[in-house]
Amino acid sequence: MAFRKPPDGGWGWVIVVVSFFAQFLCYGSPLAVGVLYLEWLDAFGEGKGKTAWVGSLANGIGLLASPVCSICVSSFGARPVAIFSGFMVAGGLMMSSFAPNIYFLYVSYGIVVGLGCGLLYTATVTITCQYFDKRRGLALGLISTGSSVGLFIYAALQRELIELYGLDGCLLIVGALSLNILACGSLMRPLESSNSPQPEKMCVDKVPDQYFVYHEKEKTIEENISILEKGYIDEKCVNNVPDCKQDIILNKNVLSSINVNEKDSYKKKVVEQKNFCKQLAKKKWQLYLTYWKETMVLFKNKVFSALFVAILLFDIGGFPPSLLMEDVARSANISEDDYYMPLISIIGIMTTIGKLILGILADFKWVNTLYLYVTTLLMTGVALFAIPFAKSYLTLAMLSGILGFLTGNWSIFPYVTTKTVGIEKLTHAYGILMFFAGLGNSLGPPIVGWFYDWTQEYNTAFYFSGFCVLLGGFLLLLAALPCWNACTNQSSKLPPNTFSYKVASNT
């Protein structure tokens, strides 16, 4: 399929709008799952660690399955995948309303909704990149705020729906709202070349023999030829009985020669097909070997290795507050009358602001994006350490706002990855980092919940979370210091194709 040059406007702005609303409808409930988390604790009576798996799977499974999601979008296109993801998200939410136990929610809410979110995210990003080139950063920034706005609105919406219709009614209504993703997906018109010629129908005679697949049916060639011989002779015997014996002898000779030729031709084509399959398997194996070699080369870059550890530890420690902050307030015996706004809503709106401000700062030439990212990690660790000392709604609201703003560092993470490995390796490196980010999202809330089940308080859990984030930030800071590059250059020369972070540190 041929694509014309990205228009950087026109129907592309429609794509931006529908992608924004698609992410708003898709990620609203999974990101605001902390409101549902409290209801599931009361409904099923399971431990906090076991119950936290539901929300962590919904937010992490999409990142873990990002390679599969990319293959689906490449194979079927963004519009069909977006529509299919709408069915998955809506169906998973509606199925969750009938959940008899927490294990059913692992599948319906955690896996089904999580995969739907992953598919939709990949589809919206892909179709937006196809329509924009010069304004791609702006377009991606606008659609990424849809999930944060969804978190802000859905936190209050789900709380209100639970009070009016109960938990089951809330999930049914939210699932019905998610069906609007189908309308958004239908507007994601692929950017195809209008004047590209239609592919001609390939004639059978022009197809090389090695591309044919010969299916061996129930009967062999000998049996098929014998049936042909019998039918031909029967027809001649009915029409002209005296010539029957002569035709039998003649046709046997002719068909026997055909039999030998067909056997030789069939064997030849089978051999060609086997050789073709062997070459294809060898080529695939070479691609797999190349992929793993490139992966090992990436991990030889000390900054990338530190970045991989930092993103894993950041998601283990930094993601749980967005899921558990409401339960933290309830554990601190804060009255619901003191609530002016759900804490998760505060996290959502501040995440939106953080994405915009940090993204703008990253565009300044005098700002080093890696050091900016490290700063957000260190500040996040300090804020997590302060959560056990917050005993009022005001202090929890302030910490929620700070954590939400710092979580907006997701907008500069692609910048950091590009500066670390180079633009030519961005796709490969970003896929690996997103896989481990999804792993951190999946493990973080259950670990914090298990700490609570073990100690019956959140203090130890958030000390652990803060330690994880601070450790990742310090490791990344040490790996990015210019003195390490100087020592490396003095000890050994880098190969010409190896990327060093020295260029980024001078930015």
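Backbone N, Cα and C define each Cβ position, glycine as well.
As recorded in TrEMBL, the features of this protein are as follows:
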type	residues	note
DOMAIN	15-484	domain 'Major facilitator superfamily (MFS) profile'
TRANSMEM	12-40	transmembrane segment
TRANSMEM	52-73	transmembrane segment
TRANSMEM	80-98	transmembrane segment
TRANSMEM	104-125	transmembrane segment
TRANSMEM	137-157	transmembrane segment
TRANSMEM	169-188	transmembrane segment
TRANSMEM	303-319	transmembrane segment
TRANSMEM	339-358	transmembrane segment
TRANSMEM	370-390	transmembrane segment
TRANSMEM	396-417	transmembrane segment
TRANSMEM	429-452	transmembrane segment
TRANSMEM	464-484	transmembrane segment
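Only sequence-distant pairs (6 or more apart) were considered; of these, at least three Cβ pairs between the transmembrane segment (169-188) and the transmembrane segment (80-98) are under 8 A, so the stretches are in contact. Residues of the same chain lying 6 or more positions beyond the ends of the transmembrane segment (104-125) and with a Cβ under 8 Å from any Cβ of it are 19, 22-23, 26-27, 29-30, 33, 40, 53-63, 65-66, 69-70, 72-73, 78-79, 81-82, 84-89, 91-93, 95-96, 140, 143, 181, 185, 188.
Under 8 Å from some Cβ of the transmembrane segment (12-40) lie the Cβ atoms of residues 6, 46, 51-52, 54-55, 58-59, 82, 85-86, 89, 93, 102, 105, 109, 113-114, 116-117, 120-121, 124, 127-128, 131-132, 139, 142-151, 153-155, 157-159, 162, 167, 170-171, 174, 177-178, 180-181, 184-185, 187-189, 322-327, 330, 342-345, 348, all in the same chain and six or more residues away from its ends.
Stretch with the most C-beta contacts under 8 angstroms to the transmembrane segment (370-390), considering only 52-73, 303-319, 396-417, 429-452, 464-484: 464-484.
Residues 56, 59, 370, 377, 380-381, 384, 403, 406-407, 413, 416-417, 420-421, 429, 432-433, 436-441, 443-445, 447, 464-469, 471-473, 475-476, 478-480, 501 of the same chain, all 6+ positions outside the transmembrane segment (303-319), place their C-beta atoms under 8 angstroms from a C-beta of that stretch.
A contact links the transmembrane segment (429-452) to the transmembrane segment (52-73), because at least 3 Cβ pairs that are 6 or more residues apart lie under 8 A. Nonlocal intrachain contacts for the transmembrane segment (464-484), taken as residues 6+ away from its ends with a CB within less than 8 angstroms of a stretch CB, comprise 302-303, 305-307, 309-314, 316-318, 320-321, 370-371, 373-374, 377-378, 380-385, 444, 447-448, 451, 501-502, 505. Within the model, the domain 'Major facilitator superfamily (MFS) profile' (15-484) carries an average pLDDT of 79.
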